[in-house]
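In what follows, a structure is listed as structure tokens, so that the remarks can point back to it.
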Amino acid sequence: MVAPWRVSVRVCLSHLRCFELRQGLSLLRPSECPRDARLCWLLLGTLPKVVSLCGDVGEGAPDVLSRRRVRCSGAAGAGPAESLPRAGPLGGVFLHLRLWLRAGALLVKFFPLLLLYPLTYLAPSVSTLWLHLLLKATETSGPTYIKLGQWASTRRDLFSEAFCAQFSKLHVRVTPHPWTHTERFLRQAFGDDWGSILSFENREPVGSGCVAQVYKAYANTAFLETDSVQRLGRASCLPPFSHTGAVGGLRELFGYLGNGRKPPENLADQSFLERLLLPKADLVGSNAGVSRAQVPGHQPEATNLISVAVKVLHPGLLAQVHMDLLLMKIGSRVLGVLPGIKWLSLPEIVEEFEKLMVQQIDLRYEAQNLEHFQVNFRNVKAVKFPTPLRPFVTREVLVETYEESVPVSSYQQAGIPVDLKRKIARLGINMLLKMIFVDNFVHADLHPGNILVQGANGLSSSQEAQLQQADICDTLVVAVPSSLCPLRLVLLDAGIVAELQAPDLRNFRAVFMAVVMGQGQRVAELILHHARASECRDVEGFKTEMAMLVTQARKNTITLEKLHVSSLLSSVFKLLMTHKVKLESNFASIVFAIMVLEGLGRSLDPKLDILEAARPFLLTGPVCPP
């Protein structure tokens, strides 16, 4: 279905007058608008018209941008004349100009590095310098290429260990966009009276990444949907009723809520471009906005405020990501003809990365993932996720509870009690194993910056319960107050997740069991049988090397706790790359998550034994279906 778009000539001409030629770089930028918003014009009228003219916005999976070209004349019979897009040539000129300018800038950065690549075989120092230059070029190429570098560093079955080690450092703190853009997004999402919903003490963000930036604010709970209040209560460390005197439940505690939660939308039912470009009013099942009638004209009362984190996408991000993905697809097809890298199937890699970027630039995906994790861990008090506060969830803005906690890296330092370190390490490993083998829903971005620790200061060696008395009118109330929040992990940034199909999950369990049993040849057979692509020309040699690798790793260790799984998996990845065996993307993501968590866990507890911890999960099987 071709999406109808209408933009007047006056709007296009106003965009044309607004832009001037930027000297030196030959880039177009707005003369009156803020510099950081120079890409926003693409969403205002030109890109939707060109897309509707040149490409088919089809129904399908999120990774489908436009699989076939259509002619406007062919769409004439699909509906009445008034539904047809009227796209003039001006939009096409703008889009092609932007594409050529962007392609030229990227070519200037990366083509010299491509020409210098043969020199990396001369000496290791030259290779290190080349990787450093590639890293710097990626850092300055925008959010799409930064995310591509971060994702590539997790695919150790495709890229060298030196490349992955270098690009694992690619965590860039981006200069925050101005407050005016944040205010504009808030107004679009929640109406002109958004100040009645959110209160900001400081307009400076507490963090800024390449995709979004985060503010700390306070939200009025009177506008939360019923289900959000219930999830908020379940996820909170609330004291018993004898402390607060509340007897009416959470509904009275947070205020009466008349409207129930809308049914969650199915993002997979909307095509990629529709989700990115259609106005919020046109989104099927969208809960993107709060009508102005729902928002009172007064400031929120202090008694109804809770601390929240407000994540806001950077302006112009959608247009830039769409443009970069298009250029990546073109580049992957050009580079795919080279014999040395043909086995990588670069177009397929770009499609996998496109799925990841779709999840990153639509914050509704992260909200859904957080709610999914909360359901999976509803009976696990030692793991917590921020609670998305609906209806304050849109494509560009996500409001969630603000979790006061400490980064897990703070507990890697000397002076931290050994028992506390050991507990944190065990919590992390058990959490990951549950995600993999029980839930089949894995947080795929588990670097230390996204893992926080809560309640470490509340641990006490005293087990004695303290009684509390309260004289309420003529009634003596005796209660046992709840202790401080227990030690638990808080996971952030759940925009990227990994799930395995049922056959892949069974294969993963079998591979893990074969590693535990020291059956290296069995590991090789399983990997070859379920590999996404393979140009292995020496199958028997691959099996022999894998058997020697696993056997040698087991021989050098007296007990399983001495076996470093991350080192073993790193060697397995080297072998896969040498024999040109490509893993399925989610399979590789989960293996990499195990490597990261085991490395983090052993930095806290050197005696951590992930294989021993995995035995119950491997023997009992999944509790719930994948």
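The backbone N, Cα and C atoms fix where each Cβ goes, and this holds for glycine too.
Features as listed in Swiss-Prot:
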- Asp445: active site, proton acceptor (ACT_SITE)
- Val206, Gly207, Ser208, Gly209, Cys210, Val211, Ala212, Gln213, Val214, Lys311: ATP binding site (BINDING)
- 200-618: domain 'Protein kinase' (DOMAIN)
- 103-123: transmembrane segment (TRANSMEM)
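The most densely surrounded of the binding-site residues Val206, Cys210, Ala212, Val214 is Ala212 (count of other Cβ atoms within 10 A of its Cβ). With respect to their backbone Cα atoms, Ala212 (ATP binding site) and the residue listed as 'active site, proton acceptor' stand 16 Å from each other. Between the C-alpha atoms of Cys210 (ATP binding site) and the residue listed as 'active site, proton acceptor', the distance comes to 15 Å. Per-residue pLDDT, averaged over the domain 'Protein kinase' (200-618), rounds to 73.
Maximum C-alpha to C-alpha distance over the listed ATP-binding residues Val206, Gly207, Ser208, Gly209, Cys210, Val211, Ala212, Gln213, Val214, Lys311 is 14 Å. Taken residue by residue with DSSP, Ala212 (ATP binding site) is part of a strand.
For the residue listed as 'active site, proton acceptor', other Cβ atoms within 10 Å of its Cβ number 22. A sphere of 10 angstroms centred on the C-beta of Ser208 (ATP binding site) encloses 19 other C-beta atoms.
Look at Val206 (ATP binding site): DSSP puts it in coil. Of the recorded residues, Val214 (ATP binding site) and the residue listed as 'active site, proton acceptor' place their C-alpha atoms 17 Å from one another. Looking at Asp445 (active site, proton acceptor) and Val206 (ATP binding site), their Cα atoms lie 20 Å from each other.
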